[in-house]
Amino acid sequence: MTAISKEERTARQGSDKCFVPNIVLITLSLGLLMLLWSVDSVSIAPNRIVPGSGFMLWQALGLPGALLVSVLIAALAALALTPQKRFYSAQLIIIALLLLLMPFGLMVAGALLIEPDMPQARLGVSGGFWCLLFVMLLALVEVRLRLKLSRLWPALLLCFVAAVWWLCALSWLDHVALVQEFKARDAQFMRALQQHLVLVGVSVSLSVVLGLALALAMRRFSRLNRLGFALLNFVQTIPSLALFGLLLAPLAWLASQVPLLARLGVSGIGMAPALIALVAYSLLPMVRNTYTALDEVDEATLEAATAMGMRSAQRFWQVRLPLALPVLIEGVRITAVQAIGLATVAALIGAGGLGTFIFQGLGQAAMDMVLLGALPILVLALLVDASLGALAERLRPEGMQ
Amino acid sequence: MGTANVAVKSRAAPLQWRWPLVWASLLALCVLGMPHLEALFRLFEPDARQVVYTRASFATLLWRHLSVVAVAALAGIVFGVLAGIAVTRKRGRDFMPLVAQLASLGQTFPPVAVLALAVPAIGFGTWPIIMALLLYGLLPIVRNTLSGLLGVDAEVKTAARAMGMTPWQVLISVELPLAMPIILAGVRTSVTINIATAALGATVGASNLGDPIIAGIINNNTAYIVQGAVVIALLALTVDSLFDMLQQRLKTSRSAA
């Protein structure tokens, strides 16, 4: 689909020797400018409980700071008027610069808006700031597509930006509500993050192994095919919330009947039911993708392998599996992203993880705590999505792209 | 070439009502007869004081659940199909890669996280869950609208233009009817996922069929969880079979033409 527009574009460029303006980037940056000057960027609350009052960009950064940001964004739009490759590179630099400047903007806002006699004051991040972040990410995607970069580079750039933010947050951003919330429970946060990663890692690896085995069995025994997919589809209709809950009682009963299991850590609440539910959910996308991946391998290629004298095991490991790998990895990507979200719900049955903060925060109406749980989950999902997507892209053999 | 016109005019094939009726009547039985099933649920929780969820009637919960999903689905169809149409027109072409990326980004955001982020922005209640469902369900609709519209043969469009149709007429009476089966499949995926996901709304104060499940988890009452899960599953099966029926009908009228 991009091929058509590209051909059109080059044809037009060739005919009248000028560049078609990139309306996408122009729309994005002009829209962002309008939002930044009309929506609150930060809010200041005297303490944790009282809701804050909002401040606009020019109040938060001072007029020079606001003008600097606006000029940078306007430059983004101006460069998009006559897009050439080096202009896109310049835009990439501007986007990175804006992303890197964000925590420093918060520092300036803290210094300007918080009076020294308010030690409890908290700087909240509001609409304008999030819009800036979101539009910058969109612009990054657009520039990446125009420069035809692999997904890996923006991901690396974002990792660098995140590292800078992290450093700023640890050393200077004491007033920001999110940082205060983190500092109040950093050990708890690290444990939750670790639990979350363990839940996702274990359930995805289990479902990769089980999924591969199931898909192979379904290919071998065609009667299993219908039954297997019917069963897996049925599991998907049970809401995740219910599946977690439904495992509570049977596992508690099992643990009370079989002491060995109880000693291994199986109980009604906690990791065991969470893992079972996560694996049950992960199996459908995993099996479906593995099945199609193995099925889509070109018959002629396999026949050629047979003709070359390969035994069937060789044919599987050296031809079918490598050729199926990109689609298979795609399945792992979908499964992993889904598992990151579902593991959040597992907090409701005491499995820990980042969902703990979300549900505790919702219960206490402490929105910064909700953010402390939700933001890392989003980042985690995006990171896994980008890295596995890049891996699948890389593994695709020549000629199949 | 004539498929589009014929497809619209051809006699509608009889609808296959069997499965939707089976699931819908099971759903109705379950929802209305839940108070009478006490003996059955006693088996799950012999010691509990109460085994049937009574804080709200299941019919009310079902209605709320269904309306949340319906609002999200309608908004998703409007936004998704309009976006798909906009970026396949000549003027909007430049936005296509971004819209496709954006839609797949929407699927990456876990609904719980969207829900959690929506609450600080718009408060507790029904709206955050509608927003989360909308965002989560948008991808299948946008993706299928795009592939449906892009899949329409360029020659068919040229022929329609040559017959004197305006671009608007081409869109309404050629492109959309031809893309309809694929768009419908996207809507089906989106709605089926969202029926199960909507239960999460119960965690942010949107009362729906997730309520008995949450109450069951908190009070350690499996019977409540089973009731919520069974009704949601039956609802998902009913809606899914309705979509299946519509798709079958589209397919038969297409092949008859």
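Any Cβ shown, glycine's included, is placed from N, Cα and C.
Note that TrEMBL annotation is computational and uncurated.
Annotated features in TrEMBL:
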DOMAIN    A:193-388  domain 'ABC transmembrane type-1'
TRANSMEM  A:19-37  transmembrane segment
TRANSMEM  A:57-80  transmembrane segment
TRANSMEM  A:92-114  transmembrane segment
TRANSMEM  A:120-140  transmembrane segment
TRANSMEM  A:152-173  transmembrane segment
TRANSMEM  A:193-217  transmembrane segment
TRANSMEM  A:229-254  transmembrane segment
TRANSMEM  A:260-284  transmembrane segment
TRANSMEM  A:339-359  transmembrane segment
TRANSMEM  A:371-392  transmembrane segment
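The stretch with the most CB contacts under 8 Å to the transmembrane segment (A:120-140), chosen from A:19-37, A:92-114, A:152-173, A:371-392, is A:92-114.
Residues 189, 191-193, 195-196, 199-200, 203-204, 240-241, 244-245, 247-248, 269-271, 273-274, 277-278, 281-282, 369-370, 372-374, 376-377, 380-381, 384 of the same chain, all 6+ positions outside the transmembrane segment (A:339-359), place their C-beta atoms under 8 angstroms from a C-beta of that stretch. Same-chain neighbours of the transmembrane segment (A:19-37): 9, 12-13, 56-58, 66, 69-70, 73-74, 76-77, 79-84, 91, 127-128, 131-132, 135, 138-139, 142-143, 146, counting only residues six or more beyond its ends whose CB sits under 8 Å from a CB of the stretch. Within its own chain, the transmembrane segment (A:371-392) has Cβ neighbours under 8 Å at 150-152, 154-155, 159, 162, 178, 181-182, 189, 192-193, 196, 326-327, 329-330, 332-333, 336-337, 340-341, 344, 354-358, 361, counting only residues six or more beyond its boundaries. Sequence-distant contacts of the transmembrane segment (A:193-217) (same chain, at least 6 residues past either end, Cβ-Cβ under 8 Å): 224, 228, 271, 274-275, 278-279, 282-283, 286-287, 290-291, 294, 331-332, 335-336, 339-340, 343-344, 346, 351-355, 376-377, 380.
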